[in-house]
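For reference, Swiss-Prot has these:
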CARBOHYD  ASN254  N-linked glycosylation site
CARBOHYD  ASN582  N-linked glycosylation site
TRANSMEM  46-66  transmembrane segment
TRANSMEM  122-142  transmembrane segment
TRANSMEM  157-177  transmembrane segment
TRANSMEM  181-201  transmembrane segment
TRANSMEM  274-294  transmembrane segment
TRANSMEM  304-324  transmembrane segment
TRANSMEM  342-362  transmembrane segment
TRANSMEM  368-388  transmembrane segment
TRANSMEM  401-421  transmembrane segment
TRANSMEM  439-459  transmembrane segment
TRANSMEM  464-484  transmembrane segment
TRANSMEM  539-559  transmembrane segment
Amino acid sequence: MTSSPPSTWRNLDENEALLRHPILNKYPGEDTRPTSKKELAGWYSYGWAAEVFAVCAMGSFLPITLEQMTRDQGVLLSDKKTPCSASWPTAPTAYAAADATASPRVGPPQCVIYVLGIEINTASFAMYTFSISVLIQSVLIISMSAAADHGVYRKKFLLAFALMGALSMILFLFLLPRFYLLAAVLAIIANTGFGASFVLLNSFLPVLVRNDPSIQATRYAAASDEQTYYTQNPSGSNTISPVDEPERLDVSSNDSALVSAELRLSTKLSSNGIGIGYIAAVLVQIGCILLVVATHSTTFSLRLVLFIIGLWWLVFTIPAALWLRPRPGPPVPDSAYGKGRWAWVSYIVFAWVSLGRTIVRARQLKDVLLFLAAWFLLSDGIATVSGTAVLFAKTQLGMNIAALGLINVIAMISGVLGAFSWSYISHHFNLRPSRTIVACICLFEVIPLYGLLGFLPFIKRLGVIGLQQPWEMYVLGAIYGLVLGGLSSYCRSFFGELIPPGFEASFYALYAITDKGSSMFGPAIVGAITDRYGEIRPAFGFLALLILLPLPLMLLVDVDRGKRDAKELAEALEGVKDMGTNGTGYATVATHEVEVGYEGDRE
């Protein structure tokens, strides 16, 4: 029978009691009020708001807009002086028509611009922009990762980055093509704001789970033995025991039922959030396609679409601003790095020092290193293939905006199906997770290899196959979505098998940084190849190599060995921790004792 809260707690105001009760509080100032339906709605609302940018803008309309704005100001590659056409036809034209016979599709002429005297292909311009944005985003995400889990800034930063990204998209409406450099800056700001805000949004998830009424009830029952501890150690204690630190899973009571309940709820909330975000993205993508057709597929149509995406992002961030509680985290020991007005330095230094310690620990785990190396290449391939394919379809096949948007819709639908179908395929063929990932990689390799077929003379004479006709892009879009659904489902869970128990947050932070940081290289290399050869198709050779390289690395990963090494490292770190030395910190790395005296924001 579940024990009831003590009478002194029941006599207090419910909110005040939950804020003060020692069993539920892991650190002074923690807001342990039960997670409400309204607060969950606020959390879901931001996914509904921002996922539209990731899917519709970054995955489709933003690279097209950047290419078209530079094309409007560029000159033909062939003679370096004839201005490119400022219009983009929506129907087949002289250079894009396909007759009744299967003749090769001839795309619009290649165009270049000059930035600081350097000749850049208009398609490369978009790729370079994304590489720069990912670099800045990665540095920012690492620097503010401590703020995501410590102190009172989590919600404030979330809203600030959301506002920054949404306004950047809204401003596209007022940009004329001659301001294409400013458009690139806005794209960088928007992508940086999106990435940082989603890190902060994800940091709310464990807090919402921990304070769910069902979890709180279970925790109270499981922690009844701690009543004695808190009675003997009143709230005036000046330290928090390392075992209570947020980064570590609270397994001191060996309450596996509590851990399982939290994992189930976390998975449910995360899946719901992803599903809600994708539904919003599909709806907005379809609406944007209709808007583009209604406005005759001009450059203004693209800017209007980005304005709509930014407005959507801004409007649906409002419920998150109203309903999400600040939920302060434990304080960073700023005495080590900065005080007073320089306290913000402590967050940045703490984050980078913590990352370094996690990397040092990861070096002791061979299979973690193999997987992260494979994931570094694979995630770069995933991000690069998407942008490359859209720009190839526009500049080589002459596909109009609506047709390009439809590719993204097909990929999203296929991705949802892939998330479910790979589970069935794995079960049917009795595939281990590592082999399922290998199967996804092999299928992924089909995309660049298929594009390279267009170089073969006899294929070129056919006028079809090898990405010579627009309809082929839809087939490859479906394959891309299917692969992405499988990799998204399996890579994260597979990595979880290889990391030390109880150190999940710090290693998943390294996983996320590897994912985000890798994407700065692929687009830049594709851009350089496009500049060198004057077209995108040769870049498929690089993409084929980029996707192939993770294959042998993934085959070298030994799950049993990885689990054994991870367990040994966890036991060794726990032994060091028990002797009073540093261990692990929340969502980054360093374990430390946090001094009390912290007051967080309370609603």
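Including glycine, each Cβ sits where the backbone N, Cα and C put it.
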Are there three or more C-beta pairs under 8 angstroms joining the transmembrane segment (274-294) and the transmembrane segment (181-201), sequence spacing 6 or more?
no
Take a look at 122-142, 368-388, 401-421, 439-459 and tell me which one has the most Cβ pairs under 8 Å to the transmembrane segment (274-294).
401-421
Answer with yes or no whether the transmembrane segment (368-388) touches the transmembrane segment (122-142) by the criterion of at least three Cβ pairs under 8 A, sequence separation 6 or more.
yes
In the same chain, which residue numbers or ranges, 6 or more beyond the ends of the transmembrane segment (304-324), come under 8 angstroms Cβ to Cβ?
38-39, 41-43, 45-46, 48-50, 52-53, 56-57, 61-62, 65, 155, 158-159, 162-163, 165-173, 190, 204, 280, 284, 287-288, 291-292, 295
Take the transmembrane segment (401-421) and find every residue of the same chain, 6 or more past its ends, with a Cβ under 8 Å from one of its Cβ atoms.
55-56, 59-61, 64, 88, 90, 278, 281-282, 285-286, 288-289, 292-293, 297, 301-302, 389-390, 393-394, 470, 473-474, 477-486, 488-489
Surrounding residues of the transmembrane segment (439-459) on its own chain - C-beta under 8 Å, 6+ positions past either end:
378, 381, 385, 389, 392, 422, 425, 431, 465-468, 472, 476, 479-480, 482-483, 486-487, 490, 537, 540-541, 543-544, 547-548, 550-551, 554
